[in-house]
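Reading through the structure tokens given below for one structure.
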Amino acid sequence: MTERTPLLHYRLSTSVNETEPRSPPLGLAVVQHHGSPRQKSSHQRQPKKLSVFIGVVIPTLLSMFSVVVFLRIGFMVGHSGLYQAIAMLLVAYFIICMTVLSVCAISTNGALDAGGAYYMISRALGPEFGGSIGLMFFLANVCGSALFVLGLVEAIVATFGVPEDGSAVTSVYQVLPSGYWWSLLYATGISLLCLLVCLVGAHIYAKATFLIFLVVMLVLATIFISFFAVHPRTIVLPSSAAFNPTANGTGPRFPTTANFTGFKLDTLLGNLWADYTVDYTTGTTMTFATVFAVMFNGCTGIMAGSNMSGDLKNPSYAIPRGTITAVIFTFIIYNLLSVLVACSCDRVLLQRDYSFLRDINIWNPFVTIGVYSSTFSAAMSNLIGASRILYALARDDLFGKVLSPAKKTSHSGNPWASVLLSWFLVQVPGAFSGKLNTIASIVTIFFLLVYAAVDLACLALEWASAPNFRPTFRYFTWHTCALGIVGCAVMMFLINAIYASASIAFMLLLLLLIHYLSPTSSWGYISQALIFHQVRKYLLMLDVRKDHVKFWRPQVLLMVSNPRSSVGLIKFVNDIKKSGLYVLGHVQLGDLNTLPSDPLQSQYDSWLSLVDNLNIKSFVNLTLADSVRHGVQHLLFISGLGGMRPNTLVLGFYDDCLPKDKLIDPSLCTSQPRDPSGSLDELEQQPPLFHFASLRGSRPQEYVAIIADAMKMLKNVVLARYFNDFDRAQVLSPPSSSPGKGAVYVDVWPVNLLRPDSSSYVDTCSLFLLQLACILNMVRAWRKATLRLFLCVEEGRSVRGSEEKLGQLLKELRIKAQVYSVPWDQQVALHWQRQGEWEEENDEDYVNSFPSNATRLSNDYLSAVNKLILDPARPAPAVRFLYLPRPPADTRRYTTYLHQLDLLTQDLGPTLLIHGVTPVITTDL
């Protein structure tokens, strides 16, 4: 055991992406020596992974410093004042801190791969939300890279540009020509340099950013020293068309110089309050929202480390620690700089010269070098981040073949195709905007939207209460996630309501597009966890003791022996469920003691595929039992949860009709289309659409016993006959040449036809018939059908009075139907004629549910009633609703009972025999 420990340790250690291979034991070294050259070369080409400091802290710091710390810190304090500047920083860092907590929680809940925030969101919220936010995040990084490129161009032109008439700046070294097209050329050259670094790979990028980090830290140190070491001085302000007097010299004149006063109380007091004026680079008046939009770009770099998740040694360890460290450090630096600037520079200098830090430095080129370095690094960071997100999107195939070219990588794993495409898109915002402050709002809104999505992902995971969501970083709650979402949403609309609305609309459009493309994924869907959580909560609140007849709805358990012969019935029952519970039940005969495993688990996929392809809203419940009767009892006892339990059992009718396989026709299912051009042999060899067993039947005694069991359990019972060939589309669209001229009828016979001595139509069972027929008529597809209610009457009784009484009942029940009186004296006479032959026989006790005279019904009577129902003088209905009496208490009479039902419904077409046991209808409000 002790000899195997080093080998086990080596195998475990090599599974966590080490940068330096450890020396393996001797035995393993011999195995490696005999490995193939291809294996050794692939091992040598394995790129090194980045540490916490190199891979997360440095990119995040440089992305957050970039433009704001060197070019816009004075802009922020000059326009908004120290109080509002600190308030902006607090608001901005509050938002990003809430997001950082969410990022830390998600990143420590499992292994991360390439894609950073996109990977987190997509694996948490599913492909639709993840793909749409991922593309938005990609665009945010593209625009962010363009923003930093424009910032670098602005700095270069300010230092080396030759001013044009009306130029916004006066450069120190007038070497480079300036203008829109020249700036565009400089931006293209800078982005091309970023491209070259990113094409080499993440490791070279990390080395470059480390050198830049050292330079930026040195420059920051000189800036802080300069506030204390440099004496007060006067600084010449750059000229600007926005502040020039009019041509005749009569316009207002603005100062051309400003003062660095050093630390003075008067200077601090003059910079405490806001004074929003015209921005000299764009000529537009600043507001709190526009200044915040520019300032917030100094906070958008928090995802720079997350974007490198695929290149980190241990992303779950590195991202939380590196990101939090960078955020705390930048927050301290920004606040210190704001206070120092407000204490030592007058307002005019801050508002009119964004490069003043260069003029007050102990050595002017220091700040210039810092601006160039940090801004170039931020541009590279956003470019490489955008390429990694695009590569992750392409690899996940969320947009089909549109992004397939972006999957290409080099031998070292660098996604060069994604880098090229991202670099090309960086040119677009730079070409159309041209000014840093112009594009800042768009970039800020994009990043805020992504941050809100990260918070939403963490909030959803927390609310779902999934046992597997247990991040090692626990310093967050759903409150922090919600505050982050609210903060991001508020600031988005404060910055620019139009841009914010357009961004959200674009995201929703992408979400619908991805949902339409229906990408398959094994990531899991947070929506399912949230739905489960809410459904469980509401099911507990659904109290069966508070049920009321006013809110009754059918909750159906349809027993299906084999769905191959039950497609028509499955679809029809879906119409009469009226937003209630609908369960497809199936009993498989067997004994688990004699089986190696549960045979039902492998069948669920076929049943669920059937539900999807028939487009019905149903659950599936399968059980294993030693008999069909026991299986149905199981399902009636255990189906549903809480207040959602089946109250109606639907069975197919027991007869001699041969079942027909309705699933062999590919037109009934589109999930696996078959090739119609193939030969018959080829079609027979193709895999079946659904894996169901062959068709089978059951015994008549057991069938009637199932009906009796359901009624004992106070379940309504429906027997469905002749639904093998039922096709709703064909039934509801009959040819106009048919009798009735295309009208659709639903016939209801609310009288117990097996009890000719009782013609009551207001008992519980009759009203249940009316309720189900009315529900069917309320379904959209059946609204044009006409309900026909048939009233069986005998001579000598008031026919008109019976019709009026029934019509008044229908009016009170709000049921629209046509009432027809049907004389059945001849049929009743046949019944009573045979009764005399049995008068001498001893009556047996069959309980009130099945009186003795019902057992004496003659075949002639039943055939006559069948012909009465089937009267050819009336247009044939689409479906008939008949009264189902209770089965006899004597089990010896089960066969007779079933025979009577068979004769009664012979050749009637689609027919439902219905027995209701509970009140389901009311006339009360």
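Each residue, glycine too, has its Cβ placed from N, Cα and C.
Annotation source TrEMBL lists transmembrane segment at 50-73, 85-112, 133-160, 180-202, 209-230, 286-305, 326-349, 369-394, 438-461, 473-492, 498-517. Per TrEMBL, domain 'Amino acid permease/ SLC12A' is recorded for 55-557. Annotated domain 'SLC12A transporter C-terminal' per TrEMBL: 569-656, in sequence order.
Two recorded stretches are said to be in contact when at least 3 C-beta pairs lie under 8 angstroms, sequence spacing 6 or more; the transmembrane segment (85-112) and the transmembrane segment (438-461) meet this definition. Ranked by the number of CB pairs under 8 Å to the transmembrane segment (473-492), the listed stretches 209-230, 286-305, 326-349, 438-461 are led by 438-461. Averaged across the domain 'SLC12A transporter C-terminal' (569-656), the predicted model reaches a pLDDT of 90. By number of Cβ pairs under 8 Å, the transmembrane segment (326-349) is matched best by 50-73 from the list 50-73, 209-230, 369-394, 498-517. Residue counts for the domain 'SLC12A transporter C-terminal' (569-656) under DSSP, split into helix (H, G, I), strand (E, B) and coil, are 35 helix, 22 strand, 31 coil. Stretch with the most C-beta contacts under 8 angstroms to the transmembrane segment (438-461), considering only 50-73, 133-160, 209-230: 133-160.
If you count C-beta pairs under 8 angstroms between the transmembrane segment (286-305) and each of 50-73, 209-230, 369-394, 498-517, the highest count goes to 50-73. Below 8 angstroms of C-beta separation, residues 147-148, 151, 154-155, 202-203, 206, 209-210, 212-213, 216, 219-220, 294-295, 297-302, 304-305, 307-308, 311-313, 317-319, 321-323, 325-327, 329-330, 333-334, 337-338, 341, 354-355, 357, 367, 370-371, 374-375, 377-378, 381-382, 436 of the same chain, each at least six residues beyond the ends of the transmembrane segment (50-73), sit close to that stretch.
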